[in-house]
Each structure stands twice: as C-alpha cells, then as structure tokens.
Amino acid sequence: MSRKYFGTDGIRGRVGEFPITPDFVLKLGWAVGMAFRRQGNCRVLIGKDTRSSGYMFESAFEAGLSASGADTLLLGPMPTPGIAYLTRTFHAEAGVVISASHNPHDDNGIKFFSGQGTKLPDDVELMIEELLDAPMTVVESARLGKVSRINDAAGRYIEFCKSSVPTSTDFNGLKVVLDCANGATYKIAPSVFRELGAEVTVLAASPNGLNINDKCGSTHLDGLQAAVVEHHADLGIAFDGDGDRVMMVDHTGAVVDGDELLFLIARDLQESGRLQGGVVGTLMSNLGLELALQELHIPFVRAKVGDRYVMAELLARNWMLGGENSGHIVCCQNTTTGDAIIAALQVLMALKHRGQTLAEARQGIRKCPQVLINVRFKGESDPLEHPSVKEASVRVTEQMGGRGRVLLRKSGTEPLVRVMVEGDEEASVRAHAEQLAKIVSEVCA
C-alpha cells in the first residue's frame with residue numbers, strides 16, 4: 001500500500017507549505033499518540049535540530065500528543081542518533097525527530113523511531129496515516145498528556161558516544177577540525193572528541209536558527225578542507241545538520257567519503273576479528289568499495305538508497321556494518337541507526353590500530369570514477385517511466401560494455417531524479433551521465 005504522507009524517512013518539506021504546517025503537525029502528534037496509546041500508556045520523546053521553525057513544530061506536536069493522552073519528554077536540540085538512543089534508554093514508546101537533515105533552514109520535517117530506536121515498521125506508519133485522515137478527538141481533561149523536559153540529555157548521549165570505544169582510548173596528540181554544520185552536534189561533538197584527548201578546532205558551531213547547513217557541514221566541505229590545511233591538522237570531520245551523516249578530510253585537504261569510511265571500519269573490524277558477516281551498501285555505493293571488500297573476502301550486498309533499507313538488510317542478514325556514500329554509516333554493534341559521531345570514532349580507532357594517517361589508510365580502496373547529476377522535476381508523472389529515458393538508459397549501459405553501471409532513481413526526500421553513471425574512465429563516464437541527464441531534463445520539461 002502506498003503512503004500518502006510518509007516518504008523514505010518520515011515527512012519533509014518547505015516550512016509553511018503542506019504538510020509542514022503547524023496545524024498538520026498538531027494533527028500528526030495526535031495521530032502518533034493515538035497509534036501508540038493502543039498498546040497502553042504512552043511516552044514519546046521529542047528532539048530537534050537547530051532550525052528556528054523547530055520550536056514551532058515542537059510545540060504543535062507536543063499539543064497533539066497531549067490531546068491524545070500521550071506524555072511527552074522534551075530533549076531540546078539533539079542529534080538524530082542521540083534521540084534514537086535515548087528513546088531506548090527511557091523505555092519510551094516512540095521517538096520523534098524534528099529535522100530536515102542536510103537541507104537548508106527553510107525546510108523541516110518529522111521522522112520517527114520505535115521504542116527500540118529503529119525506524120517505524122510499515123504497518124505503524126500506515127496506521128498513523130489512517131488516523132491523520134480521521135476526525136481528531138481530545139481525551140477528557142484528567143487524561144491529557146503531561147510534558148516534562150530532560151535536562152541531562154546531552155550529557156547522557158556524550159557518555160554513550162564515548163562508550164563506543166575502549167575506556168583506555170586516548171587521542172592525545174591528534175589534531176582534529178570539526179565542522180558541526182551549525183546543527184544538532186554543535187555542543188556534543190566537540191565535547192566527545194575533547195574528552196577523549198584530541199586537540200579540537202571547531203567550525204560552524206554557532207547556530208542562529210537560520211544558518212544550519214549554510215555553506216558548511218557534510219555537503220559543503222570547502223571550509224573544512226581549508227581549515228585542516230591552515231591549522232596543520234591530522235584530519236577534519238564534517239557532520240550534517242542532524243548528526244547522522246559524516247564526511248572526512250585528510251591532512252592534505254582531500255575528501256574521504258562514506259564509501260571510503262565504510263571500508264576503513266570494515267577492514268579494522270575484520271583485522272581485529274570483530275566483523276560479523278559482511279557489509280551492506282546501497283545502489284549508489286561506488287564499485288570501488290565492492291571490489292576492495294572483495295579483495296578482503298568480505299561479502300557485500302546493495303540495498304535500496306536510504307538508511308532504513310540498509311538497516312533492514314543488516315537485520316535480515318544479522319550483519320553489523322552498513323552505510324551510504326553520503327556518510328550515513330550504521331555500526332550495529334553500537335547503534336540502531338546512522339550515527340556520525342560514533343562512525344567517526346570508529347574510523348579514528350582504525351587509524352590508531354594501524355598507526356596510519358587517514359591519507360595512508362584510504363589507499364586500500366580505489367574508487368571508480370562516478371558522476372552524479374541531479375535533475376529537478378515537477379508534477380506527479382514519473383520521468384523514469386518515459387520510453388525515451390528507458391531507451392537511453394539501456395543504450396548507455398550497452399555502450400559501457402559491462403565495465404560500468406547506470407542508475408536512475410527518484411529521490412525519496414526531494415523532487416529530483418538522480419542520474420548516476422560509474423565506470424573505469426572519467427571522461428566517458430561524464431559524457432554518458434550528461435547525455436542521460438539531458439534526456440531526463442527534456443522529459444521533465
């Protein structure tokens with residue numbers, strides 16, 4: 001059954017435009033409360049990133065929960081994986097994240113965790129959608145939900161992050177630059193790395209409600225690259241606005257993406273005898289990752305794009321490590337969702353075990369040239385179903401003669417078609433990608 005409101009990761013859009021409006025979010029809070037109250041008493045955690053609109057939507061969602069009779073625990077600004085962790089430790093029925101991740105401040109969204117800190121099952125999302133289309137009722141006054149604030153939420157999550165590495169860990173002598181994207185990690189990440197002994201320089205840690213992801217964070221690495229070189233740092237770490245994506249920069253200023261970080265963690269786990277099963281990537285994972293893992297005899301499978309699908313594949317196979325090239329990395333031995341801070345700590349441990357710099361360690365993987373072009377579209381029609389697009393995709397695949405991949409897919413969070421071509425020669429890969437993107441653009445027009 002198709003979803004009316006939920007995308008691949010909750011509900012997201014432009015602030016003030018349906019469904020990201022206060023009245024809809026209030027009804028959404030009520031629907032969530034009603035769905036979980038069917039199982040008995042209900043407590044729901046709410047956390048958010050640093051967008052100014054987050055306060056408005058927090059109040060609206062909280063009001064809806066109260067109307068349903070569900071209690072609310074407010075965390076304040078908190079990385080998405082921190083909300084997943086605290087939902088588990090507080091034994092709440094659900095966790096709510098008010099965030100649009102790596103998007104600009106004028107977008108926002110709502111995503112959810114189950115009481116186990118995992119994405120909501122499909123049947124629960126469908127139940128919430130049914131309730132959204134039902135008349136809203138309010139419980140009697142004596143049964144209205146109560147609201148309380150968790151004042152030590154940040155400290156709890158900091159200690160959890162530190163517990164993901166051995167207690168003897170000491171990063172003394174390591175110079176690190178952190179880019180916090182003016183987002184949810186702005187206080188927590190510097191504390192974690194400093195308390196573990198690293199010398200930390202911090203960028204983009206002064207949120208004002210409007211500057212989240214603004215020319216900073218994991219999707220805008222120029223500032224971090226320059227700062228790493230300027231400060232003679234060993235490496236740089238960039239988070240996105242809600243702290244579930246991580247990208248890194250080596251001491252030369254070269255970018256190290258999610259595929260490379262995933263490889264470094266997998267190799268370290270294998271070398272220390274801690275790797276369980278194989279690695280889950282996605283349709284967008286670079287072919288070079290697959291080949292590098294193959295050389296180490298580490299199994300590799302591809303899930304659909306989106307960390308919920310990576311997590312589902314990990315659970316189905318009872319494996320422990322997966323991720324996306326965008327920097328969503330799931331380490332199941334520590335977390336139930338992508339956690340940027342914990343993933344970064346695992347990479348630092350891998351470097352420490354090998355006695356290598358990030359620049360040296362990344363030589364174990366040779367990425368294949370990959371070109372990704374985003375094409376914006378309007379309307380309800382699916383450009384990928386157009387005969388011209390299908391024919392062009394088949395033609396380009398045949399022209400590559402089995403030495404590359406073509407992937408066309410719609411974004412689950414934005415009105416975009418992603419055109420990805422991968423092969424062994426960059427000029428031809430770019431030419432093929434531009435050719436396909438041109439055809440998709442013409443169809444979308």
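Any Cβ shown, glycine's included, is placed from N, Cα and C.
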Message: Of the candidates SER101, SER388, SER393, SER411, which one does Swiss-Prot list alongside ASP240, ASP242, ASP244 as binding Mg(2+)?
response: SER101
- line: Excluding SER101, ASP240, ASP242, ASP244 themselves, the Mg(2+) site's Cβ centre has within 8 Å the residues ASP49, PRO79, THR80, SER99, HIS102, GLY183, ALA184, PHE239, GLY241, GLY243, ARG245, ALA340
Task: Calculate the distance in Å between the alpha carbons (Cα) of ASP242 (Mg(2+) binding site) and SER101 (active site, phosphoserine intermediate), and round it to a whole number.
output: 5
- line: Whole-Å Cα distance, ASP240 (Mg(2+) binding site) to SER101 (active site, phosphoserine intermediate), is 7
- request: Under 8 Å Cβ to Cβ from SER101 (active site, phosphoserine intermediate), same chain, six or more residues apart: give me those in sequence order, or none if nothing qualifies.
  value: ASP9, ARG12, THR80, GLY109, ASP240, GLY241, ASP242, ASP244, ARG245, THR413
Field: Where ASP240 (Mg(2+) binding site) sits in the secondary structure, as DSSP reduces it to three classes
entry: coil
